[in-house]
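Visitor: Let me give you the structure first, and then I'll get to my questions.
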Amino acid sequence: MDSILVKGNGELRGQIPIAGAKNACLALMPATLLSDEPLTLTNAPRLSDIRTMTQLLQSLGAEVASLQGGQVLALSSHALTDHRADYDIVRKMRASILVLGPMLARDGHAVVSLPGGCAIGARPVDLHLKALEAMGAELDLRDGYIHAKAPAGGLKGARVVFPLVSVGATENALMAATLAKGTTVLENAAREPEIVDLARCLRRMGARIEGEGSSTITIEGVDRLGGATHPVVTDRIELGTYMLAPAICGGEVELLGGRIELVGAFCEKLDAAGISVEETERGLRVARRNGRVKAVDVMTEPFPGFPTDLQAQMMALLCTAEGTSVLEERIFENRFMHAPELTRMGARIEVHGGTATVTGVEKLRGAPVMATDLRASVSLILAGLAAEGETIVSRVYHLDRGYERVEEKLSACGAQIRRIPG
Ligand code: EPZ
């Protein structure tokens with residue numbers, strides 16, 4: 001297992017290109033199952049999760065070609081040869097559950113492993129299942145699998161009211177509804193930019209969708225969908241992550257492709273902490289205003305609130321802020337596993353349930369630390385960028401799921417960072 005060695009090396013200066021969004025691409029790829037015509041995704045990120053989704057789709061009989069070094073994905077699924085998503089793939093990547101809605105909508109049946117939990121929480125899929133049942137699906141849960149069947153005439157349009165906001169359940173229901181008979185209304189739907197991107201792609205394929213980005217999405221089912229070419233939206237979580245690099249180290253970095261509307265609530269917190277963000281022709285320029293970062297309180301919420309996927313990275317910034325910050329994690333039940341690792345670096349953090357209280361210290365000190373999940377891994381790298389001495393982050397396979405070429409992108413701005421093959 002590889003590790004990454006980071007050595008605090010002063011201010012960062014330069015430019016970092018932001019890739020296409022992992023969490024958009026993982027929803028866009030299963031959309032190929034809805035049509036027998038080609039779907040081409042451009043600006044695709046080069047990540048291990050994308051390779052895992054590729055393997056899953058290929059195991060169902062879809063063709064997926066990775067072109068231009070992985071930045072273009074050419075997908076097509078004339079006829080599926082299998083309708084079973086096995087546990088060994090689904091447990092590695094929970095987004096695999098997103099093949100369920102499309103397979104049910106297109107062919108009327110599917111067998112998909114229940115994903116099981118992960119490091120940050122139990123991650124149930126009950127809301128996905130309730131939405132599909134509302135559209136007439138019969139679901140039988142046995143031996144760890146969801147055995148799903150659509151009614152003889154196919155899925156039917158329905159009114160689905162989500163009791164809590166779920167990105168994945170919204171995506172599964174949205175894709176299934178495009179081919180259902182009649183009208184589907186999704187209420188309390190997720191509003192994330194990745195949902196908007198999926199709706200735009202489906203519309204290019206011929207779907208009839210209104211309201212994406214708001215809490216109510218209305219879909220008129222159609223008989224079939226065609227092909228499309230669609231650019232994957234910029235990754236707002238990678239964007240926010242790298243915005244924190246100059247915030248933590250000082251200096252000034254331009255994030256190429258960054259757009260302020262993708263990170264509104266996050267920028268408000270950066271501003272309160274004393275970090276300047278300005279729009280440029282090519283993206284966003286971030287710099288730390290003079291003096292020490294100020295403590296701020298953070299509460300994670302569904303979009304457009306502060307993203308849970310940036311909570312760990314924000315905590316790394318607040319470890320050396322002036323004052324005490326309170327971070328409330330309201331989306332997942334166990335998403336503070338980076339805290340004990342940051343504490344090894346000298347941070348002062350007290351975790352009680354879903355709340356972490358961070359008392360800022362002048363400087364962190366490098367130490368060997370362990371990545372536990374995707375976003376925790378990158379928060380440890382951010383902390384190491386400004387710490388005194390060396391930090392070795394182990395188990396970086398977590399990191400490779402969601403960030404392409406981290407060492408390259410940060411080294412280009414002056415960071416001392418390299419991968420140690422393990
Ligand atoms: C997506 O996960 C993202 N993953 C996550 O990013 C992100 O943290 C999350 O949305 C929230 O923004 C992908 O898009 C592949 P949810 P998802 O359904 O869809 C509960 C990363 O780091 N819930 O919005 O699984 C759930 O337990 C990953 O890139 C149910 O109770 O998240 C959680 O508490 C991590 N029942 C809350 O809802 C359900 O059926 C939000 O989960 C579904 C979810």
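Cβ atoms here come from the backbone N, Cα and C positions, even for glycine.
Keep in mind that what you see is a predicted model, and the values were worked out from it rather than measured.
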Visitor: Looking at TrEMBL, which one out of Ile275, Ile331 binds UDP-N-acetyl-alpha-D-glucosamine in the same site as Arg94, Arg123, Pro124, Val125, Asp126, Leu127, Asp309?
Guide: Ile331
Visitor: Taking every protein chain shown into account, which of the binding-site residues Asp126, Asp309 has the largest tally of Cβ atoms within 10 Å of its Cβ?
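Guide: By the 10 Å Cβ neighbour count, Asp309 comes out on top.
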Visitor: Using a 10 angstroms cut-off on Cβ to Cβ distances, just flag whichever of Cys118, Val125, Leu127 is the loneliest among these recorded positions.
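Guide: Minimum Cβ neighbour count within 10 Å, taken over the recorded positions Cys118, Val125, Leu127, occurs at Cys118.
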Visitor: In three-state terms from DSSP, label Asn23 (phosphoenolpyruvate binding site) for me.
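Guide: In three-state terms, Asn23 (phosphoenolpyruvate binding site) counts as helix.
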Visitor: Look up Asp126 (UDP-N-acetyl-alpha-D-glucosamine binding site) in the DSSP assignment and reduce it to helix, strand or coil.
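Guide: DSSP assigns Asp126 (UDP-N-acetyl-alpha-D-glucosamine binding site) to helix.
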Visitor: Quick check for the class: what is the C-alpha distance, in angstrom and rounded, between Pro124 (UDP-N-acetyl-alpha-D-glucosamine binding site) and Cys118 (active site, proton donor)?
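Guide: Cα-Cα distance, Pro124 (UDP-N-acetyl-alpha-D-glucosamine binding site) to Cys118 (active site, proton donor): 10 Å.
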Visitor: From the Cα of Asp126 (UDP-N-acetyl-alpha-D-glucosamine binding site) across to the Cα of Cys118 (active site, proton donor), what is the distance in angstrom?
Guide: 16
Visitor: Restricting attention to the domain 'Enolpyruvate transferase' (7-410), give the mean pLDDT.
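Guide: In the predicted model, the domain 'Enolpyruvate transferase' (7-410) has a mean pLDDT of 97.
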